[in-house]
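The feature ATP binding site is assigned by Swiss-Prot to 8, 9, 10, 11, 12, 13, 14, 15. Taken from Swiss-Prot, the feature GTP binding site covers 59, 60, 61, 62, and the record attributes it to sequence analysis.
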């Protein structure tokens, strides 16, 4: 089990760090009182491998409870529980700027002087910083760069490469565009099997319908160009921190053309090793039914 304790200065990026760890599959708990760490660790280790990665945020928001941290760490060591400490740091100037921009009070500056609070916090955290396994100074880091630093330390390579989860979703425009769509492609310009008597009753999942849709030159040109676009977009979306991508393919009723094209795109992405799901939202809807869907 990997047991990570995330701590550091207020405003240094602990919230973003824990979100990045969560994206890497860590079970995360924010602001756990240090005195509860031993019992929490015991409970996690008793899951017999069901929970493999844990991350806890511990900071001075715990007030007097923070002073129990070292006693809890001592207990973990004595009981043979391995742990790591990640410390987030930043310069005084950057921290002051962040607090002013967020208009939040520093938890240790009741008098309103941010610098005094930062100074007090540095003193209280000096020992835990000295014991940290990893220290990340976020003064010059953008959110994406902090995420990359977290990935480099705590991510497994194959996990990082396949972190973007893609969903290819077919739908019918008559039932509304999916609200959670990232990319929407309209394939109503393609020849429609609905008007072919022997195909109307089938869906784009049936080979005879799929073969019909894919038999046209315009269809293949569209699919090739769409795949080229996705090959360009996907790594760049991931680079900018996107972890879920929903690609929506729409036709009139969501039963024939969009289904056939969505399946083709799904198979292409799957063959390239992407983590991809397929969903046909409106495939079973009555073709004459009205109304909206999410």
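Heads up, the Cβ atoms here are built off N, Cα and C, so glycines get one too.
Look at residue 10 (ATP binding site): DSSP puts it in coil. If you take the Cα of residue 10 (ATP binding site) and the Cα of residue 59 (GTP binding site), they are about 8 angstrom apart, rounded to a whole number. Restricting the binding-site residues 8, 9, 11, 12 to those with a CA within 10 Å of the CA of residue 59 (GTP binding site) leaves 8, 9, listed by sequence position. For the recorded site, residue 60 (GTP binding site), the DSSP three-state label reads helix.
Residue 12 (ATP binding site): 26 other CB atoms within 10 A of its CB, across all protein chains. In this structure, of the binding-site residues 9, 60, the smallest number of CB atoms within 10 A of the CB marks 60. Excluding 8, 9, 10, 11, 12, 13, 14, 15, which define the ATP site, the same chain contributes 17, 59, 88, 90, 138 within 8 Å (Cβ to the Cβ centroid), listed in sequence order.
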